[in-house]
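A quick write-up on the structure given underneath.
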Amino acid sequence: MGMSRSQGCFGYPLSIFFIVVNEFCERFSYYGMRALLILYFRRFIGWDDNLSTAIYHTFVALCYLTPILGALIADSWLGKFKTIVSLSIVYTIGQAVISVSSINDLTDFDHDGIPDNLPTHVALSMIGLALIALGTGGIKPCVSAFGGDQFEEGQEKQRNRFFSIFYLAINAGSLLSTIITPMLRVQQCGIHSKQACYPLAFGVPAALMAVALIVFIIGSGMYKKFQPQGNVMAKVVKCIGFALKNRFKHRSKEFPKREHWLDWAKEKYDERLISQIKMVTRVMFLYIPLPMFWALFDQQGSRWTLQATAMSGKIGLLEIQPDQMQTVNAILIVIMVPIVDAVIYPLIAKCGFNFTSLKKMTVGMFLASMAFVVAAIVQVEIDKTLPVFPKQNEVQIKVLNIGNDNMTVYFPGSTVTLDQMSQTNEFMTFDVDKLTSINISSTGLPITPVTHKFEQGHRHTLLVWAPNNYRVVKDGLNQKPEKGENGIRFINSFDDSFNITMDGKVYVNVTSHNASEYQFFPLGVKSFTLSPTQQTPPQCKNDFQSSNLEFGSAYTYVIRRKSDGCAELHMFEDIAPNTVNMALQIPQYFLITCGEVVFSVTGLEFSYSQAPSNMKSVLQAGWLLTVAVGNIIVLIVAGAGQFSEQWAEYILFAALLLVVCVIFAIMARFYTYINPAEIEAQFDDDDKKKSLENIYSTVTPVSQTQM
């Protein structure tokens, strides 16, 4: 215990510095690795989106379930310090294993840049992830509780401030790593074949984790370390079990009631343990409604990022990718935590309002629910600009004339006449049952009927050219292009086929009077090359430029012959680019971040201050468990039902959280704050008195007979 008061700094124990730096490095390491995971699964191992996402979410949920394990080890067996050190070693090994699993030269025996033995890589990366989940989860509850342990009685104010700084370190680490790690991935490396550098991008987090561990061990001499007091958890479980059994035995009316159900354990367990368990169960009961907050909070990564893909990322001079919007949260946290701590709370206190921990958490829930109301409003704005896609029983058709004559197309109830190289501006929507006949004709020629089985719920393009030829192409785009990219397809109006290479992607063998599939490109002007067919004269240019691509658009590029035999380009818009600005998402991020600051920081600190000294880590783990359950709620809700309207789902979540918020406020009214240290000191005094009495009682022979 021997920690002198001289090793202080601004009234804080110096050891805190090491704990905060350790947390910063650990979070940098964790988020850096996590940012890469999905891409690594998709591109290196080659799993599809669904499998990658499922494994990713399972991993995240695991990271929030393992804290219970870490807390048990710390509070019952090794103590917090040794737990943090030993699990950090496991963690570092895990990070190293996953970096090794991403070296393609490991199994790439024929040096062609593709690993020959994928199962080896998959097995290694899964072992790595399991070790990381054990490590990051196991140390999570211990590090925050260990930090709290460094403060003396009467340093509550500094301790609360520590939890804020601690939270700041978490977000600073995650912010920097989400910016830096993608830069590392883009580097090229490899012994025999150059490719995206996953080993480097995974290796930097591994190295940082080692740094975190070393920093933590350097501070070893300064820490206040508490010895664990036997197997606390086993005692707790046994005691609760005994109380319930005993209560059930004495359920009939003739036995007097006891004040608290745990008092039924008095026959077998001492008062101190019973009172400590009461503290824990009262807090755990309060935690029951909390996962709902995390269920909303965790949708920033999924639903809100998808919302951003239907928006335009031009904010002023910046061009922002949809998945970069998440960093807004971390940036705002780094700004808001100090402001809330140094400005807002003191102001509220000045006004004479007692802003207790549970009141703060209630306000946090309210703010998060408002964030979802704002998200719903933004969604309604986006929906106004989205193109209408066909429903299950409809088909959509647009006509594109790629010939040299005027063509007329007769649909049920409407007729379309198109000049050469033109298209109908909109897709026309038809009910499948009503689409009885389509006929085409060009001037003075007989009518040709279109016989084609249109696929329900899809968009189709009807290509027409002289004299009465047609082809129906299924577009394959039922939604805005993903990740805010732009779809481009080519239509060949030559008489023989060609290849096109655009920005590294190849359209192979686009046949005569036919359309290629869409391929997707990020924003900017792209250049493409036509590999010429036999027919083009040698002097023709074969390099072309696309228009300036923005976000979420789709185009059809028709390549046709000019009179001199060279190729020329005609562009047609299929889906308009996104117009709603991504900056509109900032208010909802701001609200949910303010909610997080008053909810999450307070929750950490509340869990620590209300826990008995031998169960600090256990309650921190209980707090993290609410995060895990929140993650699971999202998986269930997202899997269970797709709302036809996204905004309706947002409103549903907002309403659910509001209800939970009201319930929590009522529960909080009935909670009385305690000071565990005082209660435990009271028991210590009683024990001293008792032991003194025992000494006296052995002196007087009279009481021997009374015993």
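Each residue, glycine too, has its Cβ placed from N, Cα and C.
Here is what TrEMBL records for this protein:
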type     : residues : note
TRANSMEM : 12-33    : transmembrane segment
TRANSMEM : 53-72    : transmembrane segment
TRANSMEM : 84-103   : transmembrane segment
TRANSMEM : 123-143  : transmembrane segment
TRANSMEM : 164-184  : transmembrane segment
TRANSMEM : 204-223  : transmembrane segment
TRANSMEM : 279-297  : transmembrane segment
TRANSMEM : 328-349  : transmembrane segment
TRANSMEM : 361-380  : transmembrane segment
TRANSMEM : 589-609  : transmembrane segment
TRANSMEM : 621-644  : transmembrane segment
TRANSMEM : 650-671  : transmembrane segment
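Pairs of Cβ atoms less than 8 Å apart link the transmembrane segment (12-33) most often to 84-103, out of 84-103, 279-297, 328-349, 589-609, 650-671. The transmembrane segment (589-609) shares the most Cβ pairs under 8 Å with 164-184, out of the stretches 53-72, 84-103, 123-143, 164-184, 204-223. Simply put, out of 53-72, 84-103, 164-184, 204-223, 361-380, 361-380 has the most Cβ pairs sitting under 8 Å from the transmembrane segment (650-671). Contact check: the transmembrane segment (53-72) against the transmembrane segment (123-143) gives at least three Cβ pairs closer than 8 Å, residues 6 or more apart, which meets the contact criterion.
Cβ atoms under 8 Å from those of the transmembrane segment (328-349) belong to residues 161, 164, 167-168, 171-172, 174-175, 178, 300, 355, 585-586, 589-590, 592-594, 596-598, 601 of the same chain, restricted to positions at least 6 beyond its ends.
The list of residues near the transmembrane segment (84-103) in space but at least 6 beyond its ends in sequence, with Cβ under 8 angstroms from a Cβ of it, reads 26, 29, 33, 40, 44, 70, 73-74, 78, 120-122, 124-125, 127-132, 134-136, 138-139, 142-143, 146, 198-199, 202-203, 205-206, 209-210, 212-213, 216-217.
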